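Notes follow once the structure below has been shown.
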Amino acid sequence: MGFLQLEQVSKLYGEFAAVRDFDLEIERGEFISLLGPSGCGKTTTLQMIAGLVTPTNGRITLDGRDITREKPARRGLGVVFQSYALFPHMTVAQNVAFGLEMRKVAKAERDRQVAEILSLVKLTSLADRYPREMSGGQRQRVAIARALVIKPPVLLLDEPLSNLDAKLREEMQFELRRIQRVVGITTIMVTHDQAEALSISDRVVVMEGGKITQVDHPYSLYEHPKNNFISSFVGKSNFLAARAMNEATGVSLRVDNTDLKIPATGSYPGGELCLSVRPEKIRLTDPAGAMLHGPVSSRYFLGNHWLLSVSTPAGEISVAVANLGAPPPSEGDITGLTWNIEECRVLAAEQESALQS
Amino acid sequence: MQKNGPFALAFHTLIVLFVLAPLIVVCLVAFTPQNTLSLPWDGLSLRWFAAVFHHPDFVASFWNSARLALFSATISTMLAVPSALAITRYSFRGRDALNALFLSPLIIPHLVIGVAFLRLFSFIGATGSFGWLVAAHVMVIMPYALRLILAALNGMDLSAEMAARTLGAGEWTVFRRITFPMLLPGISGGWLLAFINSFDELTMSIFVTAPSTVTLPVRMYMYASESIDPMMAAVSTLMIALTGVTMIILDRLFGLDQLLVGKG
Amino acid sequence: MTGAATRTQPRPLAPFLLAAPATLLFVGLILLPLALTAVLSFNVYDYSSGVRNQYTTANYLTVLQDPYYLAIFWRTLRLALLTTVIAVLLGTPEAYILTRMGKPWRSIFLLVIIGPLLVSVVVRTFGWSMLLGRDGLVNHALAVLGLEPVQLLYTETAIVIALVHIMLPFMVIPVWTALQKLDPTVEAAALSLGASRFTALRRVVFPQATLGILSGSLIVFGLSASAFAIPGLLGGRRLKMAATVVYDEYLIELNWPLGAAIAIIVLLANLAIMLAYNRMVERQAKRRLG
Ligand SMILES: Nc1ncnc2c1ncn2[C@@H]1O[C@H](COP(=O)(O)OP(=O)(O)O)[C@@H](O)[C@H]1O
Ligand SMILES: [Mg+2]
């Protein structure tokens, strides 16, 4: 039994299901990300946990206690809002002290705890500033401090980094993880940025259209996406139409007119299949004897790697080539493509259409 | 930003002159040493201001108006805040009708409201009562306060309230500690606008004031329709000055253009 | 209104409790007195015994047939219309000029134009009576130019001048608001596509302003038609308008039922115009969308 548990939780707005049959078990101290495109129900899920939205169906338990219908004030969870939701008429210290005041903590103790948490988020010197006098990154830290100071059992973060610029976002990402480790708090973070989710979470929950599509550790999620949607949303991927043919040796997939031997990892139904290969798994080789070949149609230099697009009989294929000094073939050059056969995923083609409906 | 041509600027100058002329003339005439309405060609004098302060009727009316505006602005703001909360924070049947009812005094001519109150007051025997005069003013100035508070509520970030709830605050605490302070600029602006509208109100008041409750605008109207002397100009100048000060306060607080033109 | 949906628990009673005090007051102190006045306007009145407990339509018939009252209604309508037209002709270009002004001037002049709204009507009217009087500044100026003095005070001209003065902000504000929504580059785009200044104004700016002009006109017409202080102070004994005649009936003639009948007619006319306007706005909004 998990520390925080959601069972069959749904939220309907009229006929429309913002969240449907959400099942998740979270261990104490875990860092979980809810990942999905805008409008897929991440905020709704988070707010149901916080108590700001009442679920239509289902049950939420925290440490064995049913909190499904409990008021947000009584749950005592720490919530960081996307807009930070700082109280504009209070200083940083007053903002952070608010939750302690509500818990009737004595003034001296309150001041001590506020000072402690402000030093954790490195804001000690700004305690008397008002929110409007601070930068986005600093406001973000205040919001985190305010949520943490009440020692909540769970910290809920709604797109905490989306209002920061790119450089700051990367910095805060690791800062967030550091703080979470120091405090050891169970954390759920909502994000639509896959890089963010992969880099700092213990587990990632991928959502689409109000439903969970996959729950996994970042590495397995990246390497073993369950469907096209995930493999394209989490990182980039090439999709190749393919057909299964049962043979004694295993499974072979026919891409265009070339037969590609794939080790048997299960039985594939005859019919349309889909092969997914990540751009960084593909190597450039001599056209002769390559799995696929064709002319380079575009080439971009991205600093630490090159991004090539190659026109093959199986379609346009993206290839990421590490920048090891020598420039790769230029536009128009014919190149061959190859990859380790274990590095590609085989997905049923119907899955894609099933997901899109 | 395109430039205005010379023709446009000339037009604009004339309009500004037209708008300011009567106010400027009033202020100038107030300083005349003469007994007649004349510009102070030969020296300035404060005698007419002194005359105002020694005129018991004007002094009494000023205090009547000030008390009346103070009470009615405060009461109408206290009514407007919960009403605005009901209208913006909840969806319920009849919400639009309620909104229309509250804003209706803006489209009912004050003349009609005045006549209606006169009827009510004579019906219930409230003629000459200061309390009922306050009630009448509350009705016509509440829409001004309400509009501003509605705009403030609609522009408010709701997540601050949600944050307070997750931190353990109950509904009343959320209102007292979060919503109210965040609304305070809108509320004080609404109060000031209500105050000024009450202080200036003539058309309704002239029907419902009794000799003991005559307000300053009513007193001025009656005085001006009988005799015209520079004392009227002096009173007017004082009112213009008072309005000017209020305008500056409002402008500092919100930007007056936002307030009068804004989303209202 | 996302707030309503994100409430923790729907409490259907709360909004009614919050709005109850104001609602009770508005019903008791706006709707009830209006109803009492409507009833009063059907009461029989005679000069010896005052208001009697009998009902009649005579008050309305008198008001709508007696040439004295008809003349007053006609004047009210005419002057309000004239004021509206002049306010449109002055207010629309002024609002447009204001939108084209540079940074500090725009706010300063906007304040100059709309600030007088906060100055009591009595004060502003009194200012005009000093300017337009027999011995006023306008006649002084004429004398300096060697011209004959003119009688302005206690004429319809004086009333219209002062009404336009009071109403100008009510016209500038909605037009300004409407023009604010106009992307300044749109006009520039029209000019760059070869439209003349005038065509750009007529085809691009003016359509945007029409809704503002319409709502401004409505406010100006309604307020002018029920204006009290201006005809009272600048019209003298002779030139009555609707509001001043109601005042006379109530406080001088003491014929309340007749005064009530006129007031009710003013109210109904006002509401009819508002309704017509709402229809018009809705139709225009539909056209824009469709
Ligand atoms: N109060 C509400 N009323 C109706 N629909 C809502 C409400 N809140 C959210 N939704 C809908 O529910 C879906 C999920 O919203 P949300 O959880 O905010 O998505 P996300 O945070 O993943 O972008 C959206 O389609 C949104 O329009
Ligand atoms: Mg969201």
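Each residue, glycine too, has its Cβ placed from N, Cα and C.
Unlike curated records, TrEMBL annotations are generated automatically.
The annotation transmembrane segment is assigned in TrEMBL to B:7-31, B:68-88, B:100-124, B:130-153, B:174-196, B:231-250. Annotation source TrEMBL lists domain 'ABC transmembrane type-1' at B:62-250.
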Is the count of Cβ pairs under 8 Å between the transmembrane segment (B:130-153) and the transmembrane segment (B:231-250), pairs 6 or more apart in sequence, 3 or more?
no
Check the transmembrane segment (B:68-88) against the transmembrane segment (B:174-196) for contact, please; criterion is three or more CB pairs under 8 Å, pairs 6 or more apart in sequence.
yes
Leading contact stretch, B:7-31, B:100-124, B:231-250 vs the transmembrane segment (B:174-196) - CB distance under 8 Å
B:231-250
Counting only residues at least 6 beyond its ends, the same-chain positions whose CB falls under 8 A of a CB in the transmembrane segment (B:231-250) are 23, 26-27, 29-30, 32, 37, 48-49, 51-52, 55, 58, 189, 192-193, 195-196, 199, 216, 220, 223-224, 256, 259
